[in-house]
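First up is the structure itself, then whatever we jot down about it.
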Amino acid sequence: MAAALAVGLVPSLVATGAAAAPGDGVPSTDTPITYTTFGAIQDGGLTSAGYFQPFWYDTDGRHIQAHGGQTVTVQEAGETVHYWYGEDRSNGYWGSPGVAVYRSTDLMNWTNEGTAMRSVSARDELTEPYFDDLYGTLDASGQPDDARIDELNFHLNTTQAEDYTAIFERPKVLYNDATDEWVMWWHSDGRITPGGSTYARSFAAVAVADSPTGPFRMTGAYRLYNRANYQACTSSAVPGQARDMTVFKDADGTAYISYSSEENYSLYIAKLNADYTNVEHTVPTDTIGAHQYSEDGEFPYIFADGTADAPVRGEDFQIVKECGHLEAPAIFANGDTYATLASGATGWGPNPQTYYTADDLLGTWIRGVEADDVHENVNYASIPEGGDGLLSVGDVRKTTFGSQGTNVITLAPGKYVYMGDRWNEGKNDSTYVWLPLTVGENGRLEMHNPAIEDPARWGQGWDASYWDDKGYGVGTWSVTEDGLVDTVARGTDPATVLPTTVTVDSAGTTRTTGVTWSDVDLGRLGKQTVTGTLDGDATFADGRTFRRTITVTADGIVNIAPLAAVTVSSRSDLAGRLTDGDVKGKGWDDWAAAGAYPRSSTLTFAWDAPRTLDSIAVHTYKDSGVASWPSAIAVQVRDQSGAWVDSPLAAQLLQDPSLPAPTALLDATELPEVTGVRLRLTSEADTWQAISEVEIWGDAPPVNVCRAPGSTVSASFHQTRWNTFPAAGACDGNAGTSWSTWSDTDLRDSVTFTIEAAQAHLLDRVSFTNIEGTIASVGVEYRDVDGTWTPTSAQDVAPAANSTVTTIGFDDVTATGLRLTFATPGSYLKITEIQVPEKVVAPVVSPFLDVPVDNEFFTEIAWLAEQRISTGWTTEAGVEFRPLAPIARDAMAAFLYRMAGSPEFTAPTTSPFTDVPTTNLYYDEIAWLADQEISTGWAVGAGAEFRPLEPIARDAMAAFLYRYAGAVLGTDVEGYVTPTTSRFEDVSPATLYHREISWLADAEISTGWDLGEGRAEYRPLSPVARDAMAAFLYRSVDGADIG
């Protein structure tokens, strides 16, 4: 099980060693400060005023000199005491006095306890009693042991001019309960040849002491374990390199050392022996001849070469990360999970630190807490804000707030302090960055900068109360059921999709826990991150946070920016970052050297086919803590003629560096179809402009048949001279590639481009953009399902001007292939992309609840509704047509009147029918029917009746339509020759409306009921159902021209 603290209870201790001399140029103050908080950390960058601030003064008023260090917590006489070990840079990078040690009871106020592990600045110092007592540098007669002194001088002399100058870096200390000794390890480097590299040794050195304050005696300086193929990452690696390192003591007393090896490419961890003074697999000789040092004559067995005495990966050592180029490890434990922080190997320059976790120190390590996620193997600097494995939160300059880590202090479970250095190279005014670490879902680590997060509260410093609302507790937890949906429709009310409780698991115990959510904009398309904050429980305090992603969608709308060819006014190497999907990371910017920022830049997105836009989102980026975004964004669009025109879309942004980077959201729904969008960015402030991502939302493009699965493309000719431009270059979705027919010997007067699809597609157009040469005309053929090639209706079409989109439409075809024939007499072509969109047929939706799309007369009834001839009945459930109900004579009058176009008509003040008062709902329509002599009604006495509510019989309907054709449509019905026989068995020449029914049949408005064997019935006295009437009216539009 992992331990919370690195050491246990120890007996009373005695301070020894010598403090560095005052007046050495180390920053100091005449009035020592009593600290009540950890320092407030700002990160304006190396050139900003006060960057190497605040200094941290010890109780003597001198800036603490404990760089690259570590704290160890012990109990002394019932009091908790902390010792801070680190590099003493009082003299700068060279000439270090050694390892300093400070003592504190509160981690804020530190007393200088002197030099725990001394170096030398001259060989003769090794003859002094201090070193003779430690190393026996004088023989029995009191004379110098030159061989012994030379060997120690090689490892302890830090003078820059020394032939074999030594370097002390990153000292770390453990207390060994079993041996009652303090054990210090450090990165011991230096020259191995006079004048050579000062990083040639790559040793991990070790020293022991009886007291935490020393004096520590060096007992070894070693190369450490390597895999056999140690040059797998770089051929410059040398055996057993052990550079930036740390140590860790587990709860069972086992100790480990972690070190950067293989020329800093791979990060290792290895188990130490029981004394903590070496690894477990050793040999009695320096097998690699690297001038290692060993007091007891035992040296690490370097290679895991499979022999009996060799170390075994997974048992004796493990590689945390292969080929990751990492250094500065810092290991700690959170419950049963181990974590190591790691910095990129970028010299003095800080970088965005990452971290790895494992359940077993010698087991498998993963970046962050999510195995095999998209950031597992990317460069540490490429992990976006919020990405798994990125340590810092709100680190806008991506520098770990201007620091490099060295250790993690455990105050309590869930309360961890990051110790880091802000290096001013190796100078003595280099400062310290101590910041709180919190533990999120699944053990996710987050380092925060309180002074930046909440300046009003923490702007003067921070303390342990920072964790009070951060959900600290023992172990890890996860939200197993969050109750969220993956996608929501744009405009959804967040309250309807964000639950008030979630299910949380910790150590196998499941609880229903209250949750509150951060604000989220569900009116903006794309992925939106929402943060949940959990209520406390018996194990964890209030304030645990977790993040989830909700995708906001709109039917048929997608981000089409990644489909565009992107060009920028400067720094074109960064253009691809504008559409890489990272809306928070550092994307494109127009930074220029010497502050020569353009302050006006353009981002251009172009497509090879017209696009219908919905909205544009411009995500800006806050770079280096400044307001590095535009103050204004203007939008131009390229129309289908290829011309760039101004649009009304624009945004104004406040350039306030205290604000987070804004996102500009532009509504583009009123724009016409465009083939390009150009964003003009301008800045009132003298700054560069940085954009994380541009999302351009528009109608989802139809399937491009030339890129559909199974489709192939070919051309009758393509350029091969100087460069190759095959047919596939015009059908790969990349506007940067092309199909060209240029030749330096024989230009083709005609060329073809053929697409062969794996299945049939409905097609009605093709688009392309030619950028070179001259195309005289284009013809289009298609291959039908039987494999026959046939010309479409598009032949000899003149294309648009070069660099503008040509769209050629043709009558619908169902095709398994398409061939374009380009006439290029005496010239050639160069086409960037050919678009063959599958025609999208809108889904059929019934206008009436009771008329499904598979109804026998759906087309006719839908036409009736579309023409506003029938509006149906409105009910609570919707609109009904009631297709099987008989149609009344008044409704029939209304249908015919509307089918005629609702002509202007002034109804008489006296009704033509005695049973139709002028107040009747359909009086105007019935009066119009009488005026057109379409209906005369029934003669009754001195007047006539219309009988409006009676169902109309099929014979009367035939008469109405016959008369309507003559009166309204102008058909010569009087010239119609009545047949002497009827085609219907139940209609004879003696039937009242024999002529009208025969005309209806000949006009193919009614076919009657088929009885088989060429026999049919009309059923003249049956009422007409509403669905049949729809069919009669629909057919009469085309069929009523028979005279």
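Cβ atoms are placed via backbone N, Cα and C, with glycine included.
Taken from TrEMBL as is:
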type   : residues : note
SIGNAL : 1-20     : signal peptide
DOMAIN : 844-908  : domain 'SLH'
DOMAIN : 909-975  : domain 'SLH'
DOMAIN : 980-1043 : domain 'SLH'
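Taken through DSSP, the domain 'SLH' (909-975) splits into 26 helix, 8 strand, 33 coil. For the domain 'SLH' (844-908), the mean pLDDT of the prediction comes to 90.
Sorting each residue of the domain 'SLH' (980-1043) by its DSSP state yields 23 helix, 9 strand, 32 coil. When DSSP labels each residue, the domain 'SLH' (844-908) comes out as 20 helix, 6 strand, 39 coil, counted as helix, strand and coil in that order.
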